[in-house]
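Features reported for this protein in Swiss-Prot:
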type	residues	note
TRANSMEM	21-43	transmembrane segment
TRANSMEM	65-87	transmembrane segment
TRANSMEM	94-113	transmembrane segment
TRANSMEM	117-139	transmembrane segment
TRANSMEM	152-174	transmembrane segment
TRANSMEM	241-263	transmembrane segment
TRANSMEM	283-305	transmembrane segment
TRANSMEM	310-329	transmembrane segment
Amino acid sequence: MQTSQLFTALQQRQRQRDYRYLTGLVVMLLFALLISLCAGDVWIWPEHWFSESGKLFVWQLRLPRSMAVIMVGASLAVSGAVMQALFENPLAEPGLLGVANGAGVALVTAVLLGHGLLPIWVLSTCAIIGALLMTSILLSFTRRRLLTNAQLLLVGVALGIICSAMMTWAVYFSTSLDLRQLMYWMMGGFSGVDWRQQSLVLALLPTVIWLCCQGRVLNFMSLGEQQARQLGVSLHLWRNLLVLAIGLLVGISVALAGVISFIGLVIPHILRLTGLTDQRRLLAGCAFAGGGVLLLADVVARTVLSSAELPIGVVTATLGSPLFIWLLIRVKGVK
């Protein structure tokens with residue numbers, strides 16, 4: 001009885017600590033949103049948000065962009081956490097395993113075939129199909145146990161390099177100005193996002209919320225196939241549903257902002273290091289932290305140069321690469 005009471009008390013203490021972390025992440029997200037609405041070539045502080053310039057810069061330009069950044073950051077971070085559980089690989093991430101590049105190839109192909117005249121919903125659908133196809137290929141390797149985790153990571157990186165090369169060749173031989181601009185966009189950026197793209201931004205929200213509610217299933221799946229089946233989890237059904245959700249999030253994110261790496265890799269690991277290990281609360285934490293971190297990266301991309309805007313993919317890669325190397329060393333040390 002005492003052991004049971006002690007276990008219950010420890011669970012309650014862990015839950016309270018997790019909720020404190022989640023509250024802190026929400027505060028960080030709101031702070032990042034405040035900075036994002038103020039920052040730019042012209043800094044506009046809250047007391048001037050309802051002036052003539054504030055109505056233009058804050059409400060018409062920065063607010064829709066910030067909403068898109070939050071949803072894309074949340075989508076990539078949650079997708080990364082789900083992929084790490086689904087592939088049983090701590091280094092799985094949409095950008096690193098080539099899923100985002102697969103979406104990019106499909107999108108570039110659609111631009112080429114449509115001569116730059118296709119509507120945004122068609123391009124988004126193509127990006128989703130590309131992300132789904134790449135995720136399904138990787139999942140088939142995992143389910144058949146043909147590759148170790150390290151080999152799967154290398155295959156994903158190789159597929160991503162192939163996709164990146166295909167996009168580069170397409171742009172090199174194209175005479176279309178739209179496609180050359182698209183190549184810059186594929187480096188990651190939100191400069192073209194305004195209120196017209198908010199239907200795509202809102203399309204991310206229900207999928208992110210649904211994934212955040214599947215922590216219990218992911219906890220069961222992490223116990224192993226046999227234990228998960230004994231607990232009543234249909235692995236085939238849930239794998240397909242999770243792959244579909246990941247493809248949807250990554251495809252729409254690529255259609256909105258291009259390929260942005262390392263958010264899906266670094267955010268879940270940092271949160272686990274702080275003690276958020278239960279998937280039921282880790283996924284929500286990833287959504288808040290992913291949105292906040294990408295907002296701050298977007299502020300850096302907008303303000304670090306006075307005459308131009310950096311691609312946000314460059315900022316996240318610069319900040320994420322050292323952390324990725326550290327994670328590789330740490331995972332090897334744990335093994």
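First residue shown is number 1, and so on along the chain.
Cβ from N, Cα, C; glycine included.
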Residues from the same chain, set at least six apart from the ends of the transmembrane segment (117-139), whose C-beta lies under 8 A from its own:
86-87, 94, 97-107, 109-111, 152, 155-156, 159, 163, 197, 200, 239, 243-244, 246-248, 250-252, 254-255
Is it true that the transmembrane segment (65-87) and the transmembrane segment (283-305) have 3 or more Cβ pairs under 8 Å, skipping pairs fewer than 6 apart in sequence?
yes
Which stretch from 94-113, 152-174, 283-305, 310-329 shares the most C-beta pairs under 8 Å with the transmembrane segment (241-263)?
94-113
